[in-house]
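Q: Got a structure for you, written out below as structure tokens; questions coming shortly.
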Amino acid sequence: MLTSNLPLYANMVASGVLIGVIYALIALGLTIVFGVMRVVNFAHGELVVVGMYLGYLMWSAFGLSPIVAMPISAIIMFCAGYLLQTGLINRFIRRPHHVQVILFVGLALCITGLHMIIFGPEARPISSAASFEVVELGFLQLDAVRLYGALAALALIALLLAFLRYSDTGASIRAAADNPIGAAAIGLRVNRVFAITAGIGLACAGAAGTLIAPIFDTQPYLASDMTTMAFVVVIIGGLGSVVGALVGGVLIGISESIAALVINPAMKSMISYGLLIAMLLIRPQGLFGGRQR
Amino acid sequence: MAKQISRRTILKAAAASAVVGAVPIRSWAAESAKIGVILPTSGVFAFPGQQSRKGIEYAALVNKERNGPNMEFIFADTESKPENGRVAAEKLIRQGCTALIGAWDTGATISAAQAVETAKVPLLINIGSAPQITEQGFTQIFRNFASVSSMIASAVTRIHELVTTQKVMPKSAVVLYVNDTFGQSALASLDAIWEKAKVPIKIVDKIGYDVRAKDLSVEVAKAKATGAELVLPITRTNDAIMIVREMVKQKYNPMAIIGPGSPGPYERAFTDALGKFGDDYMICVPWWNPRNPRAKVIAERYEKMEKGNRFELNVGFSFEAVEVMADAVKRAKSNDPAAIHAALKTTNIEDHIMYGGPIRFDEKGQNPNIGVALLQNRDGVPTVVGPQQITMAAPAFPMRPFAGR
């Protein structure tokens, strides 16, 4: 039975890994903002949906494929994040958590409302030629949009890791994350570092949104699912950990695929939440979570 | 001798006129009947909810042009939340609505039905198919839409008619269904009726998925693994798009895809998203009658007015709800809820746009004469291919493989 279904299981695992990498990029945006500023962005899913609409617009207006549109979305969203942080969020950094929650929930509602007004409630699918293509690797049949999306997401994650590890700005971000008061004391412009971090967070959301747009049809109400999924991934991977986001994303992608195949497709989300609860019970800091400040 | 008009007579006449003039002569016809419309115009069902609203507004325009009764429509949004049906109904009744139309979604309709029952205000259901709506003893509701059980029974008849008239007969079928109230009711009805109708095709698996599913690759892979020659999706629009997209990618080419009573794949969103891959898909749903010249004119005018929108099920039944209400208000000669309720009870509209027999309501408020057509997407346009009396083209069966298109 298992042998005869092996290609099916292998395909599902591969599909889970591919979508998991894109989930990781979504979660990375959330975790990096939290890791540096200790601010939980409850509007993260809405920002992913902004990236999806950007991808949809570039495809429908100029015929750009999501892979080509992705860096443009990332740049637009980076600028938006920078401005949002300097204009709004910096004023709330040292406020109580519940005030921050209200700010981000309000922001989320505004973004969804704007999507409804501008684009309407209907789904906006991207149906390019790649939407119906598969790439065959032996007995594996990989969905082309997932494969290209995952590769692009992986490249972006690698680039981001290199930037954080080897650039001066990356070192400043790590310093501000580690000890913002100490960083300020040695002359680091912490608010500027926060703005760059928010820009990176939104760029990840925007890029991931554009990559995922041909897989999940764009609509305003996807946002809450995206936010929840990002939280599940970062909690499993460990809040603030980049590697944790990658591992958590892939884990969720695979578990959803296998659960749908083995248990019941209607209950595939149950496995993600089951994993989340188990993680909170066994290792609350997540797989790669560090010490708590 | 002619009687002279004295100054006193003139004064008396003037005073009498003033008194009569002061008393408002109110005619029901001069006053607008306030009709409340409950729809999910935001939230997950916003797309069909907004389509339904367009149908109501279009019918209101046509009613005005035809010098129909004076009606004012007041809209309330349920935000796709079932519990908001009651809140919306109560709000509209407080605003002076003497009859309601709605609520598209079964849960919201049942919730609204409780409010109209208390207030004794009639509710005309444009869309909402769960059988329990008319089985709970409500006295104020009227449904001009098929219950899911009758819709599925008619759909099974259409499928049976189709497969028995073809040269090749599929042996097995797989059901892919959306796992919500509608999907589960439809699945239960399909199970019961399939057996009863003795359709010579074995249902080999039933695969459910979440109403908010974003990806149906696993579900389609499971369906493909069954080797079923017939795919019966119980869907809405987005999930139907995802199913076909996955079938193309996974090279799953059954003899036919037939949605039994499934809303969605006749929408422009479906045919635009899938292009040639959306063709040959079949759906069994209540539909407008293409053989009725008036229905044809109404549908064509709507599609010209609302570029990018199709005159489909949501628009059609919402349009017809206004026509039924106008007929009732006209016969009631009153804006009183009880009079409108009494008039709705005696509705008998022979010539109407949606396919089926005369619009009449039985003792439970259900119109038992709603017809179900078999549609097939042809060159991106849903075309009636059954039953025989309204068919516009012969069905393409088996469907063309995706790769050869």
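Every residue gets a Cβ built from N, Cα and C, even glycine.
Please treat TrEMBL annotations as automatic predictions, because they have not gone through curation.
TrEMBL feature annotations, pasted as is:
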TRANSMEM  A:12-36  transmembrane segment
TRANSMEM  A:68-89  transmembrane segment
TRANSMEM  A:101-119  transmembrane segment
TRANSMEM  A:145-164  transmembrane segment
TRANSMEM  A:193-216  transmembrane segment
TRANSMEM  A:228-254  transmembrane segment
TRANSMEM  A:261-282  transmembrane segment
Q: Per the 3+ Cβ pairs under 8 Å rule, pairs at least 6 apart in sequence, do the transmembrane segment (A:12-36) and the transmembrane segment (A:228-254) touch?
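A: Per Cβ check, the transmembrane segment (A:12-36) touches the transmembrane segment (A:228-254).
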Q: Answer with yes or no whether the transmembrane segment (A:101-119) touches the transmembrane segment (A:193-216) by the criterion of at least three Cβ pairs under 8 A, sequence separation 6 or more.
A: no
Q: By a Cβ-Cβ criterion of under 8 Å, what residues six or more beyond either terminus of the transmembrane segment (A:101-119) are in contact with it?
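A: Sequence-distant neighbours of the transmembrane segment (A:101-119): 40-43, 45-47, 49-50, 53, 88-89, 92, 218, 220-221, 223, 227.
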Q: Can you tell me which parts of the same chain pack against the transmembrane segment (A:145-164), counting only residues 6+ beyond its ends and a CB-CB cutoff under 8 A?
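A: Same-chain residues near the transmembrane segment (A:145-164) but 6 or more away: 15, 17-19, 21-22, 24-25, 28, 66-67, 70, 74, 130-131, 133, 135, 170, 173-174, 200, 204, 207-208, 211-212, 214-215, 242, 246.
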Q: May I ask for the residues of the chain that lie six or more residues beyond the transmembrane segment (A:228-254) and have a Cβ under 8 Å from a Cβ within it?
A: 13, 15-32, 34-35, 44-45, 48, 157, 160-161, 164, 177, 272-273, 275-276, 279-280, 285-290
